[in-house]
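Asker: Handing you this structure, nothing more for now.
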Amino acid sequence: MDPVISRKIIKVKENIIQSLEDSIAIETKIKILVNDIEIISLSATPLHIKELVVGYILTENIIKENFCPQEIEIIEEKEEIKVKIYSAGPLNLNGKTLTSGCMSSFSFINELPESYKDNFKIEIENLFLLFKDFQKKSELYKSTGCVHYAGLAEKEKIIFLAEDIGRHNAVDKVIGYAFLNKIPLEDKILLISGRISSEMVLKTGRWKIPIIVSKSAPTSLAIELAEKIGLTIIGFLRGNRCNIYTHPYRLNL
C-alpha cells in the first residue's frame, strides 16, 4: 500500500490563488490479531508494518515469547490491514488500559522498567552530526509535512529510520526492526522528531537504550521517570545546541 496519495488543492499565498496537486500522507487502520483474538487497531502509515506490530507487542509486553516473526501474516484489505500473529504462550493483557492521544495504545505506565547504568559515552559533536543527518533523511515528512519520524543510531551513523503519522508508531517500528534483525539496543541512541513524553521514556527504558534525543522538549513526567530508570534525555537539539535533562555522564562535553 502506497503511503502517499495525490490530491488537488487550492493554495492561497500573498493574494495569489493556485490550483495544484499536493502529496497527502495515507492514514490506514492496522488491526492486530493474536491467536485470532483482536487486540487493538492502530491508525498508522502503511510502511514497515511488520516492524510496527512486532515492536508494539513486545514493547507493550503483550507477548513475551513463543512466537515466530516469520509466521506473521499481513493481509491488505480495502479499508484496513490485518496482521495475524500466532503465539504458543499466553497473552499478557493484565492491567493494560487504553489511552487516547496520537494513537490508541495499551499503557504500561505503572510498569516501570528496571533501572540501568552503563559505560556508554558519545562526543557531543558526534551527536550534533547524527541529528543533523537524521533530520535530512525523512523523505515522507519532506513531501507531506504530516508524519513523525524516529531513528536508531550507533555513535557515528544511523542504522534505521521509520516514519509514521503516530510518533509512538515510529518508535515501535524502530524497536521492531532491531528485534527482527537481532540488533542489540543497549549501546544505541534513539532519535525522535516529536516531544519526549512519559510513554516514550517507558518504551525506551524497556530496552535499556542509553539515550533518547529530540528537537522538542520532554514533559515533567518523562524527566522524572528517566531520572529513576537511568535514561539520558536530550531535548531541543537544534544545530550545535541542546538541553541535557537527565544522566549527563553519557555525554563527553
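Glycine too: its Cβ is placed from the backbone N, Cα and C atoms.
According to TrEMBL, the protein carries these features:
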| type | residues | note |
| --- | --- | --- |
| ACT_SITE | Cys102 | active site, cysteine persulfide intermediate |
| BINDING | Phe236, Leu237, Arg238, Gly239, Asn240, Arg241 | Mo-bis(molybdopterin guanine dinucleotide) binding site |
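So where do these features actually land, and what's packed around them?
Answerer: Listed in sequence order, Phe128, Lys132 are the same-chain residues six or more apart from Gly239 (Mo-bis(molybdopterin guanine dinucleotide) binding site) with CB atoms under 8 A from its CB.
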Asker: CB neighbours of Arg241 (Mo-bis(molybdopterin guanine dinucleotide) binding site) within 10 A?
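Answerer: Its Cβ has 8 other Cβ atoms within 10 Å.
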Asker: Looking only at Phe236, Leu237, Arg238, Asn240, which of these binding-site residues has the biggest number of Cβ atoms within 10 Å around its Cβ?
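Answerer: Compared across Phe236, Leu237, Arg238, Asn240, the most Cβ atoms within 10 Å surround Leu237.
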